[in-house]
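Right, one structure below, let's go through it.
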Amino acid sequence: MTAVLEMRGIGKAFGTVKALDAVDFDCRAGEVHVICGENGAGKSTLMKVLGGSYRPDTGEVLLDGEPVRFQHPAEARAAGISIVHQELSLLPFRTVAENIFTGMEPTRWGLLDRRQMDERARSLLDRLGSSISTSALVADLSIAEQQLVEIAKAMLVNAKVLVMDEPTAALDDHDAHSLLKLVGRMKTEGVAIIYISHRMPEVMAIADRVTVLKDGRHIWTRDRRDVTINAIVTAMVGRELQDFYPARGATEPGSPVLEISGGQSRYLRDINFSARAGEIVGVAGLEDSGKGALARALFGDSPLAAGEVRISGQPVSLHSPRQAAAAGIGYLPGDRKREGIAPRQSVRDNALLTLQAMAPALSSPNGGARSRQKVDQSLRHMDVRAGDFGQEISTLSGGNQQKAIIARWLMRNPRVFVFVFVEPTRGIDVAAKAAIYQTMRALANEGRAIVMISSDLPEIVGVSDRIVVMHQGRIAGELPAGAEEGAVMQLALGVAAAATGREMAS
Amino acid sequence: MTAISDTARATRRLSLRNINFALVIFVVLYAAIVVLQPNYLDAALFMNFLRRAAPLIILASGQLYVILSGGFDLSMGAVVTLVVLAASMLIGGDPEMTWVVIASLYAMGLAVGLANGFIVSFLKVPSIIATLGTMLLVNGLALAWSGGAPRGDLPDNFRNLGRLVLKDVPLVGSLPIAVLILVVVTLLAWWGLHATAYGKRLLAVGDNPRAAELAGVPVKPTRISAFVISALSAVTAGILIGGFSGVSVNAGRGLELQAIAACVIGGALLLGGRGTVVGALFGALSLFALFTLLNLLGLPQALRDSLQGVILIAAVGASVLRHRRST
Amino acid sequence: MSIDILPAGRARRGFRDVPVPVVVIALAAIIYVTAAVITGQTNQISFAGLTGLLQRTVALGLVGLGQTFAILVGSIDLSVAALISTVAVLASYLMQGDPGMIVPAIAACLALALCVGAINGGLVAYWGINPLIATLSTGLILQGVLSAGFTYLGGRVAPEYQALAYQGLFGVPLPVLLLAVLALVAWFVLAKTRFGAHLYAVGGNPDGAKLAGLRVERFVLAAHIIASLGACVAGLYLAARLQSGTPWIGRDGIYDLESIAIVVIGGTALSGGKGGVIGTIAGVLLFASLDASFNMFGVDAFLKQVLRGAIVIAAVAVYAVRNKGHVA
Amino acid sequence: MQFRSILAATLAVAFSTAAYAQEFNDPAEFKKQRELLSTKAEGPEGKPWEQHLGGAMIDTAKFKKDGPHTICFSNAGVFNPWRVVGLNNMKGEAALQKDRIQELVILDAEGKDDKQISDIQSLLDGGKCDVLIVSPTTTAALTPAVEAACEKLPVIVFDRGVNTKCPVTYIHPVGGYGFGITSAEFIASKLPKGANVLAIRIVPGVDVLETRYSAAKSIFDEAGINVIGSEFTSSDRAKTKSVVEDYINRGVKIDAVWMDAGDTATAALEAFEDAGLPYPVISGEDQQDFLRKWQKENLVAIAPSYPTYQWRTPIIAALDILDGKPVPGPEWNLPQPAITQETLASYIDERMPALHYSLCGCQELPGYPEQWGGK
């Protein structure tokens, strides 16, 4: 089998930073070639070179053996390279059909052929097993549905090469499964598929070959048969990673720190939920199961309409994030870029933001607990890597940004009793993941309650002391530490709700 | 690691250059003024220059707060007009009334600022439209109240705020009251933005309101107070303008755009998140030095607009290029 | 299952689903008719009264059409007022009453608008200067050169040209027809062509549009050129209607801020990617019926300003208030 | 100095290639207005708004109509105090004649030519008007609209004119040349040859203002007086004061300040006060603040006027026309007096606001002084 795509000796530097250093890569028709690497390893840069967003400094790209040099994404697209982007590139106020055809609208006598658009969009979505209406506005879709539209958009062109950059990051396990099936089908149709993922089980499930990049260099490319998860991880991190998931707490959890009884809202029904000091409660569920709504309710972002919330036994009112913060809840948002960082402010100011938000408005920004030494200490404690904590946070990698945001809440130590982590490791590389799990465990061991809301099943199972599974706005059931992924999935799908769920409610 | 510290150094150099750019423009323009008119080097004339520039600088400092929060305040000029007209009508030439009336002027400013803030924060009207609306509204109210022709008169103790020059002051020679007020206001603005937790909140809100909210920042109060500060600074500027030159119906015309321009020349990023009071100060001084220079050159009035446009494009264009090169 | 989890692609019903233009037009009609009835000037609801009303929409409507394009791609054009003045003056200066110069003068004005639009678009799209600053500056430059070069009325347009602004077809004034035709063309372009779809894509998500293979800069440039052409046509219309252009008609008409206001009132998002020309036409109708109603009630000039300010805010707030999240 | 002139010249050349400025130097009109200034007015003594300077009368029998009448007025706008005082005068006159007037309908064009054309159109469509008064925003722009109105109604134009003879009469004071002549001749008479005068003006390009400067300039040239600068200040007091300060700082002695409109005269004087210099000879206008300052500081000054009482005349003319009485026409020249040292005291009224125009002829009208903002 010959390679459809070949990239030889690709180098790309930004200023003095070498993002790619003589990387070789190829992909054959009908294979899934997975690229693994930490954030900043150069995966996205390599794909941007392929997609025509960047021009390489050195090396060449060959498509069907012919050298190509893309000046603009338009050319790459025309050449049959199709990319499902990690960052959603959709238009919220346009319909699904219009989005799928962005830039490739069919015309008839010079006019948009909307009927053809609708029909072809429908058949694409059907192929993806989705029933989204083609005339729905994208703004009205869930994140998972938007991801499907994104994939449909990439499939529109009869791609020779299909690049999927963490396509399952936003999907829950169920949707991720159907996506993987689809990838398998496309493979049999002879498409060369380049697949980027941080989810190791997924990698092992679909890969034909695996390539590992590190620090902009090609480490190795091997057949799936010849690799193990451990080997991949070791190559990515550059050392052996032990104890990926930290050991569970040695002591029994203490008294309940956070209690919700009778919680109701537009998206939630009958929420009775508690988290005790020293435990990590994992909240699992499908997209739209209400687990996101639960997180937002806990942080006062979309408050409960009825029910009672207590923190350390005291009833609290959570009607705004500010109230929640004041009540002692720390919140790590899932969408770092949109909800986490203030990109143009310094690392230090980002870490200080909550303290500054809660301090008297006219007090010094660096007074008392907000002193520069204390922030720096906190940032170093979190192992945030930056040349200078005074630089803008947007210059840091995603993992370091996430750690800085955790530091933001740690700065409020000891007045934070509950931490709510939403998708704590989405888009974060393996090494940084492990560090974040360690931190969560350390926070719990200090006597706090941790609520971890995640779509990543291995993470839920690996980290949680207790697993709460949600289904259609209700708590479907609860499972102990170390439960099987399958059991979680059954509850999430509503299959096993009857047995366990009722037990828990009583 | 080395890569990161390189960029870090680059950003630090950059922020230094950011301030310097407006400063450089100012120094160059003022040097040109001095070439034409060497007596502008006299302390007294420089003080007089500052006295005249004071309202614009104060407006720019207030506008900066709104710009940093991610918005615009187009209603500033109308507030200046309102202040000048209201002062003359309420005081009616009676010096006893001055301080009471000044207090009520600030109350009016507070009301306008609150209105702007509420419309933007709660009614979710984009600030460019919201403050355009209040601009029309306030201007109309001021004119309707005065019947289109100002009534009453400003007594000397009010006028002195913008007009009086203290002579024989140690160190500086002469010292206009307006410059004293300018120094106080600029220090206050600097303190509020760079030396309080509030200032950091404001920057975060302008940078990413959603993230700021989730970090516990009271986004709406922060944003509303930015509009209030802007309106209060417009009141201060209005008092100085009324003091400097007396009552007129178009005292504030066009000042809002000049204030925005000053901030932008001073390196503030439109739509929020980056900017400094020192930058706005030198931005306003540059703009004012430009006006003075053009006066001295005796260019046709009309071309002064053109040159202002060229300077704006140059200032913003240059900062865009600098940023582009650094990333 | 009473839970309110909304299914994919559902159709919601309610006030928010009534298209903005419909609401705005209804509001305009109610205001106008109420004013006419209350003040007893029911003959303003006649054909003549209505054409008079429509005539009031022409200049602002033409600018608004162009402005819609700029705002749709997420930009904005503050230079339209200065360009209107420039075009009006240039047209009358070049014509000097000579009918033979009508076509060359129009061509020159269009060429000028093309240049101004290209400069605006270039500064915004290729140089990356904030559109408010870029177009404010080009406006200042234009206005300055104009007032310096033409201190007084620069000649007059040809009588035949002037007649165009005052003649009608079946009783409908030609300028109203012009606005209607151009609005139709603009609607057609935005709704029915690839170019239009691409403008929405560029405005709605510039990064996404680029990844989808669109040359984003070109569309921003094109939108600015269209905005300038809109202002140009408005300037040409005003030159015909006023016989000669003065260097301050654009500024006095506040066409820059008012055109932005009507576009936004018509439901086009300042952030781009949402809205259209029907909303703009609705917005200009609202402004015109307000104008006419104020006249009927004999509202004092200053009070008029107050009311207009309040209405601009209220009209946008009615829809904006339901938005979740923050605006700035 | 050289640097300045080179820079100025370069810029001027760069921008002025397309320069096209209408000439405002019409010697015939200059001469005519100079004569009118000394012409004896005809009409009732002490009521300059009913007087006229020479000219023909026009027969209006064909417009005769039974009252009471609806008078419609399309106003350019009320964007400056002069127009505000004027509009009050007109309303005052209408109140005085309220028995004969059913309604005075006023549409305000807010300074927009386009809107004024529509306003006139809608007044015609409304069908209520018996007579139409127009104060045009711009001469040329309003011509077609006025022509259309003439076909339906008697039309009276005042302040600025239109390029058509169709209105029954066009009411205006002597004019801009007259204004310039009065002020400049006074200044020239007080200064020696070679003295310096600074001209402060509002905006370029407005006919009624440009003629004032053109007349003044030619008189200064004739008298050998240097015009050291001509600056536009948009009626902005702060700008006026700054501009004058800049001129003072140049170190050139300013012997006189000539102004094409008086609203910022006191601001110009303040610049001299602040610099500790003696007051210059100055020409202002008939606003109270200037007159008071003049009296208080014993200035050498004159206040020519473009009297606001001309706003009363259109109502008087309208009623006369509808009565079929002949009126002065097609041009109705009103007298244009100046306030001098001798007459100064009689024009000062401490009750009135600072920017009130003394030649309003409104002292006897109902509602004075409250309606004009007085106490």
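Note that Cβ sites are derived from N, Cα and C of the backbone, with glycine treated the same way.
Long-range contacts of the transmembrane segment (B:19-37) within its own chain (CB-CB distance under 8 A, at least 6 residues past either end) are made by residues 265-267, 276, 278-279, 282-283, 285-286, 289-290, 292-293, 296-297, 311, 315, 318-319. TrEMBL lists B:19-37 (among others) with the feature transmembrane segment.
Summarising the annotation, TrEMBL assigns transmembrane segment to B:49-68 (among others).
Look at TrEMBL and you will find B:74-92 (among others) tagged as transmembrane segment.
Tertiary proximity for the transmembrane segment (B:99-122) is limited to same-chain residues at least six positions away from its ends with a CB under 8 Å from its CB atoms, namely 71, 73, 75, 79, 82-83, 86-87, 90-91, 130-131, 133-134, 138, 158, 219-220, 223-232, 234-235, 238-239. TrEMBL lists B:99-122 (among others) with the feature transmembrane segment.
According to TrEMBL, the transmembrane segment annotation covers B:128-148 (among others).
According to TrEMBL, the feature transmembrane segment maps to B:169-193 (among others).
As annotated by TrEMBL, transmembrane segment applies to B:224-247 (among others). Within its own chain, the transmembrane segment (B:224-247) is flanked in space by residues 51-52, 54-56, 58-59, 61-63, 65-66, 68-69, 71, 73, 75-77, 79-85, 87-88, 102, 105-106, 108-110, 112-114, 116-118, 120-121, 127, 150, 152-154, 158-163, 178, 181, 185, 189, 192, 198, 202, 255, which lie at least six positions past its ends and keep a Cβ under 8 Å from the stretch.
The transmembrane segment feature in TrEMBL is assigned to B:277-297 (among others).
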Counting CB pairs under 8 Å, which listed stretch among B:49-68, B:74-92, B:128-148, B:169-193 touches the transmembrane segment (B:277-297) the most?
B:49-68
For the transmembrane segment (B:74-92), find every same-chain residue at least 6 residues outside the stretch whose CB is under 8 Å from a CB in it, and list them.
55, 59, 62-63, 98, 101-102, 104-105, 108-109, 112, 116, 128, 131-132, 134-139, 141-143, 145-146, 150-155, 158, 230-231, 233-235, 237-239, 241-242, 247-257, 259
